[in-house]
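What follows is one structure encoded as structure tokens, with my remarks underneath.
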Amino acid sequence: MFSVCYVSGVGFWSGSIPLFFSFSEDKLKKITVFGAGLLVGTALAVIIPEGVRSLIPEQVHQAAHNESEIHEHKDPLSAIGISLVLGFIFMLMVDQISQSRNENLSPSERNITATIGLVVHAAADGVALGAAATTSHADVEIIVFLAIMLHKAPAAFGLVTFLLHEGIERRRIRKHLLIFSLSAPILTCITYFGIGQKQKETLSSLNATGIAMLFSAGTFLYVATVHVLAELTQNSHGGQTHSYSKLPQSLESARPSVPVSQSLKTSELLCLVVGCLCPLLLSLGHHH
């Protein structure tokens, strides 16, 4: 229970850091690009490897206890691909449905896909942690907990900086951050306390921990690459120093309906690369 509360606190307070400062438009853009890099690096260097680590040992452990099934055992690599793709497709559907229903809303009200995606991702993390806690393998639970801890702070930071860049007011951002921080602990408690012994054995046999982490990695990857990075490149205007999110509504409506994607500045690209590498450096010291 302490670990659940700790995960929630780390996510909330690390995400609150950008809210304590006021940034110029140029600095905010660089910080937002850095946050997007954190999201991409976290998905590729932390979440996916940890999901694979938690899935494959379970497959090997089950096969070792029943040698007659070794040759009939399913390849765990297929479960890895399926879980990632399903998570990605799930967020794709959520994104498309939310856009089709919210076309008449303002950009700040419409652009909540990042929050939805990371909340779904955090909820899947909660299921993974709860499923790991139901197993008899303490090492699996520790691995999952450390993996969640490694990417909770970068995810919260990336979410808040992106919402700030989109012009959403800080009070509303805190609500988004609170929902994101609480989703994992709530789902952890529901998974752990809401299932019986038979269901726990079923979760263990289905490798629910690894599958849930890889599903959440698919949702995380969509939010980081397709949504957040796409928004940043579409809102990049070369030498212009202003952001159209600050313009009056009448001027926003006069802009073309199809945004033009432009390359990032050299300094912004450097911030993106550094953000991508930070989770990788953190994961290098994560030994099991």
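Glycine is treated like the rest: Cβ placed from N, Cα and C.
TrEMBL assigns the feature transmembrane segment to residues 6-24, out of the candidate ranges 6-24, 120-138. Here the transmembrane segment (77-94) does not touch the transmembrane segment (6-24). Their Cβ atoms form fewer than 3 pairs under 8 Å, with each pair 6 or more residues apart.
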